[in-house]
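TrEMBL annotations:
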{"type": "TRANSMEM", "residues": "B:21-46", "note": "transmembrane segment"}
{"type": "DOMAIN", "residues": "B:144-357", "note": "domain 'ABC transmembrane type-1'"}
{"type": "TRANSMEM", "residues": "B:148-169", "note": "transmembrane segment"}
{"type": "TRANSMEM", "residues": "B:181-201", "note": "transmembrane segment"}
{"type": "TRANSMEM", "residues": "B:231-252", "note": "transmembrane segment"}
{"type": "TRANSMEM", "residues": "B:288-307", "note": "transmembrane segment"}
{"type": "TRANSMEM", "residues": "B:336-356", "note": "transmembrane segment"}
Amino acid sequence: MKLNIGRFASYFGAIVFTVIFAFPLVFMVMSSLKPDFNLLQDVGTMRSFLPVGPISFDNYVGVYDRIPLLRFIFNSLLVSTITVVLGLFVNSMLGFALARMEFRGKNFVFAVIISTLILPFEVLAIPLLYLMVKAPWISFNGGFHITQGIFNNYQVQILPFIANAVSVFLFMQYFKSLPKELDEAALVDGASWFMIYRKIAMPLAGPAIGTVSVLTFLPMWNSYIWPVMTVQDEEFRPIMIGLQYFYVNFGTAWGQIMAYLTILTIPVVILFLSMQRFFVNSIATTGIKG
Amino acid sequence: MQSKVKKQNAAKRAENKTARWLAAPGLILIGIFTIIPISLALTLGFTNAQLLAPTNPDFTGLNNFKTLLGVSAVTLHAAKQPDGTCAVDENGEIAYEPLRPLTRDNSPRKDLRGKSEVKRIFANAEKCSVLVVVAGDPVFWRSLTNTFFFALIVVPVQAGLALILALLVNQRLRGRNFFRTVYFIPTLSSMVVISMLWRFMYQQDGLFNKSISNFMPGYAPIDWLGNPKTAMPAIVVLSIWQAVGYHMIIWLGGLQTIPAELYEAVRMDGANKWDEFKHVTIPGLRHTFVFILITITIAALGLFVQINVLTQGGPLDSTSTLVFQSFTRGYQRQEIGYGSAISFVFFILVLVIALIQRSMTKRLDT
């Protein structure tokens, strides 16, 4: 009997929390389907959580008309994908070297990577901005020129985020878990270390690759502060910056804003549902190993 | 024999060489985009660097830090009237001598020059005096206390709530995967999106105010984000709502490493649920606990996006934080030197807290 009360309390708690976590999101999606008048009228009643009244996709059409939506989506996908792909190479190579090979200065490199793990990006954003404004870049304009400043382009959104201490750490942990005999056997067979990395370690690193991809893609898709500071041209702007277009007449187009927030959220939720295993494993293991 | 040694040495050299090639791209990128910015943060604070100025920055020594950290105090007096009370102005408030002449650049008190009032304390009715605390940058001190206020609430509440959620969905409940997913979804969405959504709900005619007034007729709607008293607590609530699912997953990872045999063993000894929790679960979660403590603390100290989207530090600097102030000065006002000085202080703060927590880990391990 006592057990049943416990179970009942658990279900009750789980459902209460479900309501707490779900209601703003349900509210967001439902509001995105309503004209502003109905949306504001429904606020504060149960109707705001239900698809009732004149339901349509007008707000989504409105978003499409107001901002260069497809351009922004393309930019975000491009920047995120390039960063993920380059990051997979760079970080796995460094992680492999640290996990399985001996080289001079290894302990120092390891210490540097661990200590950058605790630094929030926000601390580095201002000096990094200064660096990018002053940095030289080779541009092609009929011939090669050296110009000053890396901003207002794709590079500035990609370059600083390719190498990542967390990704290096995750790859390192994974490569450490593979049996050492693999390397020894391959070396006896005359394979080079680079071959071991490419033909043995990487093909076995599926789970780590999945985890790192997800953990890189998400913050890149969601990035906001860095592009606000470095990208002024609409041509290169990522999707999160699109929100600024709705600040102008703030308070007048809530339906469109809710539609845009829904557009921003849906891809990551789909990504999560399709790669849930990687997500949950990655986060859970960082906790255990950290 | 000698050739074998030679061969081994050659293999060692090859290993060394390949390792360097493999490590090089990552190390070069980390060097340029992490190590150089850290060095810049540590040095630009001692200059008057401007973001887009064509000239090179000048070394200004400790000037930025003197402004940033400079605090002083001065006693102001009011005239005492024959009846023993203090002179008052037309509003009925005690008419102290003005502070302004003391903080001007030609002030007789050098330590007060260029500073502004932070707080009046120790008003003395007998002597008709009041102690005024002045600082070179009052916004900095507001930002510092706001940052700590936020962290002091968010760290324990978020860690505790995440543990409750983890314990809840770690049981064999029907639909527990559904519950986990729902709790986790706010984490996926960016803080920018969540902030905009909550901004709509916090509005004067938003979801919260209208819902409350439906239950309580005569309720005067609160401008949650526009009131200095409620703005920071409102941001605390939405921040915890967004991030708690992430730490739930980390706790779950920790819970699942505790061997089931341990639970069976204490159950055999006749332990009840609470004993199980106290003697098996809590000790088993030590490492996870430290990790969660560190990640939430650092994230909380870096509070920025919510402020940038919702309040811009207002009203009356009640939601300004260290990172937000460093962003405003360094980027919006282009005073990279001063912004870096704030980053410097923030950097030291994070470092000290990380070291304290690291030493706590060591103690837990023994």
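Positions of Cβ are set from backbone N, Cα and C atoms, glycine also.
Annotations in TrEMBL come from automatic prediction, not curation.
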Field: Other parts of the chain folded back onto the transmembrane segment (B:288-307), taken as Cβ under 8 Å at six or more residues beyond its ends
entry: 147, 150-151, 154-155, 158-159, 162, 191-192, 195, 235, 238-239, 243, 247, 250-251, 253-254, 313, 319-324, 327, 346, 349-350, 353-354, 357, 360-361, 364
Best-contacting stretch, by C-beta pairs under 8 Å, relative to the transmembrane segment (B:231-252) and drawn from B:21-46, B:148-169, B:181-201, B:336-356: B:148-169
Statement: Sequence-distant residues near the transmembrane segment (B:21-46) by C-beta distance (under 8 Å, 6 or more away from its ends) are 57, 59-62, 64-65, 336-338, 340-341, 343-344, 347
Field: Same-chain residues at least 6 beyond the ends of the transmembrane segment (B:148-169) whose Cβ lies under 8 Å from its Cβ atoms
entry: 176, 179-180, 183, 232, 235-236, 239-240, 243-252, 255, 281, 285, 289, 292-293, 296-297, 300-301, 303, 321
